[in-house]
Ligand SMILES: Nc1ncnc2c1ncn2[C@@H]1O[C@H](COP(=O)(O)OP(=O)(O)OP(=O)(O)O)[C@@H](O)[C@H]1O
């Protein structure tokens, strides 16, 4: 049961705390301790004995498996209790600072999380820079020495003048009012340092610790040699400490006179005299507005926290202008390259021609009908020479006309019933292709066929016959949807627009949490009181603004500069593109929640891109896939959106058409699912 502030005697109370990671060997084994108000409490123990684990339970970053932890009268993480939050100042073991921020930007970020007004942040920053002898508040963190960076980290913990300081950092435990000696997840002793030295008649805490380890090992290990080696190993590592500093303890710095007048003692906080030591009057100052307290009770995200995260993100981007510029240039490069390189008709194709027609002028005449733009015609005297040209990859095809081309062609038209196979073949254009390139082969066949049709049509007109006699008896009436002469660009453009927006957003967000997790940055924000949801919303808001810019540029270049036809409303195109950017961002957040390392996040983002590109009917119609793949294809995040985009751009459909609204529904469903999954993963993994 939580105690009321009036009864508060201990800043931290831990009762039979047990904790293990992933159900492995227990790290904390029924540990109990009490940290009185107004004291410095040092935890001394060998590396790996569980000090950080204990402190993480205290600050609310880890949940106990069993036992109770009370911090400032409440359980960490309990709704409405400001632990994590501004009741504690936390200096994690890692540096946990943004290397590209200045000292004052760092302070500003944490100050905003603690709801401190700007002037107050400035005043405290100036005070702490002087107190901790930092060079200048305008210096970048990466330009500070290791020791100075540690002091900035300490300053962050002190910034809001918390009543409880948790320092996961080796210092001299002897200065503490109380010291606890920890070993293997248990407390061996807890007393004032001098008391321990007197009790064990020794001059150093390390020696006392060694004695306690020996006694502990004798109790638990029957083999004395094993006990001895275990205790010496423990003693060797015994310099490692962590500290809990509570309000009014001497480690907390004195505020300026002005600051002091603002302070007020929280109810129940005893102003301890610490055995006669004079203590600085630094008291906790309440910064949390009532509205925010209520919101935290009902677990609603705080706009203040979200804006602090957005501000921090933009500051980060401001420091990385090249990266930001790249984010806007990249979609432009992609769409420009697509529009310039993909979907156009191949041209300038070398054609090795052999005109052996000696029976008339028609062979030479037909040659003039070949499209000069599509073909570069290279004449040859005999067929074998022309074939060698193709075999040596110097031409795409051999086009040949037989010796009786003119007479056989005229015979075919004038007396079709008498035409033999030899006549039909002699009056035909013969093509031998380098068939290794499907699109080029198709283009050559199409162009030669069109040229022949035009040539033969003109010939028939000279005889007073209809040119349509040489057309296939299949009539293409005006299309019901789409255009008369659609290009491959038109087919691919909707998919490319959706893909670029989607994966640019994925790439942008895939590293969000991975980078924050690095060096404990995320931990510090969370202990300061920012929730996972607020962090996520902060990231989303930042990325949304960038993504909106990217989408605008992409659509401008595709629709306006490259004139990709849009037969429907541009509004739906914009909304669909933005929605897909949002879905891509959700995928990125999910990846960043899932991956711990940068390279695995990048690989995951890239890994999702190619299957989507191939399976979503972007490069080739989904109708060409086997049935079972078509089924999978339909369920992918961008497939329905690509179809919706195609329906708006090429078919001119509005929102009420099924392919269009299904695209919206699918994108919204995927975005919601991915965001939920990201939140779940972040919670499960404890980020
Ligand atoms: N995230 C984790 N997953 C699994 N095991 C962990 C994790 N963090 C810590 N441990 C293990 O828990 C034990 C206690 O680690 P902890 O960091 O609490 O020790 P510590 O006393 O703070 O050490 P140090 O003084 O070196 O910082 C160690 O054996 C460590 O390997």
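For all residues, glycine too, the Cβ spot is worked out from N, Cα and C.
The domain 'ABC transporter' annotation in TrEMBL covers 12-237. Averaged across the domain 'ABC transporter' (12-237), pLDDT for the predicted model comes to 85.
Look at TrEMBL and you will find 246-275 tagged as region 'Disordered'.
The compositional bias 'Polar residues' annotation in TrEMBL covers 262-275.
The transmembrane segment annotation in TrEMBL covers 323-347 (among others). Among residues of the same chain six or more beyond the transmembrane segment (323-347), those with a C-beta under 8 A of the stretch's C-beta atoms are 317, 373-374, 439-440, 443, 487-493, 496-497, 500-501, 504, 508, 546, 549-550, 553-554, 557-558, 561-562, 564.
As annotated by TrEMBL, domain 'ABC transmembrane type-2' applies to 456-685.
Counting residues 6+ beyond its ends, the transmembrane segment (491-515) has Cβ neighbours under 8 Å at 327, 330-331, 334-335, 338-339, 342-343, 521-522, 535, 539, 543, 546-547, 550-551, 554-555, 558, 564, 573, 576-578, 580-585, 587-589, 591-593, 595-598, 601-602, 604-605, 608-609, 612-613, 616-619, 621, 637-638, 641-642, 645-646, 648-650, 682, 687 in the same chain. Residues or ranges marked as transmembrane segment in TrEMBL: 491-515 (among others).
If you look up TrEMBL, you'll see 544-564 (among others) marked as transmembrane segment. Residues of the same chain lying 6 or more positions beyond the ends of the transmembrane segment (544-564) and with a Cβ under 8 Å from any Cβ of it are 317, 324, 327-328, 331-332, 334-336, 339, 489-490, 493, 496-497, 500-501, 504-505, 508, 570, 573-574, 577-578, 581-582, 584-585, 649.
What TrEMBL lists as transmembrane segment is 570-594 (among others).
Proximity of distant same-chain residues to the transmembrane segment (660-682), defined by a Cβ-Cβ separation under 8 Å and at least 6 residues beyond the stretch ends, is recorded for 513, 532-533, 536, 572, 575-576, 579-580, 582-583, 586-587, 589-590, 592-594, 637-645, 647-648, 653-654. Residues or ranges marked as transmembrane segment in TrEMBL: 660-682 (among others).
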